[in-house]
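To start, the structure itself, in structure tokens.
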Amino acid sequence: MADFPPAGVSGGPAPDGPNGGASVSASRLWFFAVLLVIGMFSLEFGSAFAAMAMDSASAGVVVTLRMGIAGLILMILLRPRVRGLAGSDWAWLAGLAATMGLMNLFFYLSINRIPLGAAVTFELVGPLILAAVRARTPRSALFTALAFGGVVMLGWSGLRDLTATGVACALIAGAFWAGYILTTEGTGRRFSGQTGLALALTIGGISLAPIGLFTAPSAFLDPWVLGLGLVVAVMSSIIPYGIDMAALRVLPAGLFATLTALAPATAAIAGVAILGQHLSPLSWAGLVVVVAAAGMALRESAVTP
């Protein structure tokens, strides 16, 4: 979990960074970009365990365990105070909890219906539209378009055997991903450290529990599923979401959204390095395009006031 010096306290705005009006050094931009990549690798490993869990449980159960266990761990470690929170604070927490939970639920539903590469490609439409809307310059918008082109090249082999339901679930997940970026940015301005994340994960886990209980109640008593849920909670929620919370106090939301295109690139690299998978020439070209577009977007953000 990344817990850097807080950019603000509950109920108050961040004093610096893109959300507070001061410029951000190029070194800080690159530092948090590297952290995001680390979080993406953690998320990819966690996704492998989530897939194993879904062999024995429903998507609703996996998402409930992922958020609920992560929230419980953070609540024990951080012991956040909830007394005195304003209604607007709770609104941001509810928004973050909803976008996190529904983003993951619809993504898991999509990969049960269409190939993973296709699901990731369609899901990225949401955050990359956000990146285009938030682009500070025409060049930034161009880099976003290049990043999406690279993602399509990476996932091209999976763009077959599609179902309308699977594509729709992936697009809905992408819309909630864009919402997650915005609500993480807003929550990070109102809560210090990882307090907001702890509360939002707890709210999300409790809210999604009825779905899990309705779809596969016995899975909550399966030690194998619970063990996998613990691993997924740490690797797919606490680590990457903690990094996201810290990064969005420094990186502009538009740049952050562009950098999400690195997610399928990290998955491809992990597949080659760890699983011995082979990429087609088109996939290698797509990987290069994505990394280059992300690097150019970072460089553009560093020189654009």
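Just so it is clear, glycine is given a Cβ too, placed from its N, Cα and C backbone atoms.
The feature transmembrane segment is assigned by TrEMBL to 29-51 (among others). Sequence-remote contacts of a segment are chain residues at least 6 beyond its ends whose Cβ falls under 8 Å from one of its Cβ atoms, and for the transmembrane segment (29-51) they are 2, 62, 66, 108, 111, 228, 231-232, 234-237, 239-244, 246-247, 250-251, 255-256, 259, 262-263, 266-267, 270, 294, 298, 301-302.
Residues or ranges marked as transmembrane segment in TrEMBL: 57-78 (among others).
Same-chain residues lying 6 or more positions outside the transmembrane segment (90-108) and placing a CB less than 8 Å from one of its CB atoms are 50, 54, 59-60, 62-63, 66-67, 119, 123, 169-170, 172-173, 176-177, 179-180, 183-184, 186-187, 190, 196-197, 199-201, 203-204, 207-208, 211, 241. Residues annotated as transmembrane segment in TrEMBL: 90-108 (among others).
Summarising the annotation, TrEMBL assigns transmembrane segment to 114-133 (among others).
Note on the transmembrane segment (140-159): residues 114-121, 124-125, 128, 131-132, 254-255, 257-258, 261, 264-265, 268, 280, 282-283, 285-294, 296-297, 300-301, 304 of its chain, located 6 or more positions outside it, place their CB under 8 angstroms from a CB of the stretch. Residues or ranges marked as transmembrane segment by TrEMBL: 140-159 (among others).
The transmembrane segment annotation in TrEMBL covers 165-183 (among others).
Mean predicted confidence for the domain 'EamA' (165-296): the pLDDT average there is 89. The feature domain 'EamA' is assigned by TrEMBL to 165-296.
Under the heading transmembrane segment, TrEMBL lists 195-217 (among others).
Below 8 angstroms of C-beta separation, residues 1-3, 35-36, 38-40, 42-43, 45-47, 49-50, 52-53, 56-57, 61-62, 65-70, 73-74, 100, 184, 194, 197, 201 of the same chain, each at least six residues beyond the ends of the transmembrane segment (223-243), sit close to that stretch. Among the features that TrEMBL reports, transmembrane segment is placed at 223-243 (among others).
Marked as transmembrane segment by TrEMBL: 255-275 (among others).
Taken from TrEMBL, the feature transmembrane segment covers 281-298 (among others). Same-chain residues lying 6+ beyond the ends of the transmembrane segment (281-298) with a Cβ under 8 Å from its Cβ atoms: 29-30, 33, 139-140, 143-144, 146-147, 149-157, 255, 258-259, 261-262, 264-265, 268-269.
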Return yes if the transmembrane segment (114-133) and the transmembrane segment (255-275) have at least 3 CB pairs under 8 Å (sequence gap of 6 or more), otherwise no. yes
Would you mind listing the long-range same-chain contacts of the transmembrane segment (165-183), meaning Cβ under 8 Å and 6+ residues beyond its ends? 92, 95-96, 98-100, 102-107, 109-110, 112-114, 118-127, 129-130, 244, 248, 253, 256-257, 260
In DSSP terms, the domain 'EamA' (165-296) comprises 114 helix, 0 strand, 18 coil
